[in-house]
Amino acid sequence: MADKKRLNSSGLGIQRKVGGGFLLIALVIYIVLYLFLPPLFAYSWLLGLALGFILQRSRICFTAAIRDPLLFGMTELSRGLILSLMISSLGFAALQYYRLSQGLSLIGRFVPLGWHIPIGAFIFGLGAAISGGCASGTLMRIGEGFQMQLIVLIGFVLGSTHGAYDAGWWYQLIGEQEVTHLPTILNWPKALLLQLGLLIMLYLFAYWWEKYQFRS
Amino acid sequence: MNGKLRLPKQIKKILTKIFVRPWPYWVGGLLIAIANIIYLAVTNKYWAITTGFARFGAWLLEIVGIEVQTWAVWDYYEYLRPWKDRYTFSNLGIIIGALIAILLAGQFKWKKLKNKKQFFLALGGGWLMGYGARIAIGCNIGGLYSAISSLALNGWLYLPFIVLGILIGSKLLQKWLV
């Protein structure tokens, strides 16, 4: 790589020092947030930092995870994310089960079903392919110094605001099915079996798909 | 003497592996899952991104005097100013976290826009993502990752259609660029 050649050891040292400086500032911000605002904001800041770090180090991009198997037959990234979903499902399920057994509310991301989901997801996918990144990938690449993703973000905010303005009309599509939590609809054993079964099948299919694409 | 020299070398090797070499995808996937589980356990909240973009954009309009609080969309999720919105903090965190990671690896570099075409693809693609995420109430994180992690049917409904969108979007892009 060209940029690797250009970096002599002293350039590397400067980058490391600046990086260390940013890390220190980030931790100070965490402490300030924790002391003066509701702890949720400090935890959210920390979550963002951790995820940004992980996404950058592992070069994880959701758009590539969906695009690469279809276009190039490569599924290693997809399988990494399917594995991630298996683990997070188990963790989320354990926390949900515990809370419900204690008489506490159900936690998680639930949206009533309706045509707004397929339509919105499709438009989102179009945009992700055209801009070459998803929401997490766009933010991560801004941190990496990509000017292009800064423009994507501007478009993203404009489109989000435009969508929020129009949303009242689109949300007429929201249907009757408000309960979307699989264990509530089915029961815990069936829901876990279905969820993990689907993820394992996707994983195996991805594995086979790559073998099939590169068979010769 | 030999032992003294060998230890730092091994540590250096480990540090290089963590901070310079890219991690295998499965390691990243595993750590993302763990981070999300801990966040849910501590805050009872899930990770999402784009609702924060919508609130931020609406707030900008509010500053220039446009009435945004009456929009029907806020019946579905609260209107919050950026500094009261947890997504502002997690979104900024992702940018800074990635910046720290790439600086520690010594690989930071400004990457400029190549041409006008790239500018419009970026702006248009971003716009479509924003608009679509508002309609579906979720992006690839809130609508897909956090939703499927929650064992939510809405996440599984989201998946085939984001796949379809990315497939068709990629084909369109290939045609335009050829």
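Using N, Cα and C of the backbone, Cβ positions are placed for all residues, glycine too.
Since the structure is predicted, the reported quantities are computational estimates derived from the model, not experimental observations.
Here is what TrEMBL records for this protein:
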TRANSMEM  A:20-37  transmembrane segment
TRANSMEM  A:43-65  transmembrane segment
TRANSMEM  A:77-95  transmembrane segment
TRANSMEM  A:115-138  transmembrane segment
TRANSMEM  A:150-171  transmembrane segment
TRANSMEM  A:191-209  transmembrane segment
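Only pairs six or more apart in sequence are counted, and the transmembrane segment (A:191-209) with the transmembrane segment (A:43-65) gives fewer than three Cβ pairs under 8 Å, not enough to call it a contact. Beyond the ends of the transmembrane segment (A:150-171), by six or more residues, the same chain brings 116, 119-120, 127, 131, 133, 135, 138-139, 142 to within a C-beta distance below 8 angstroms of the stretch.
Of the candidate ranges A:43-65, A:77-95, A:115-138, A:43-65 has the most C-beta pairs within less than 8 angstroms of the transmembrane segment (A:20-37). For the transmembrane segment (A:77-95), same-chain residues at least 6 beyond its ends with a Cβ under 8 Å from one of its own Cβ atoms are 58, 60-62, 64-66, 68-69, 107-108, 183, 188, 192, 195-196, 199-200, 202-203, 206-207.
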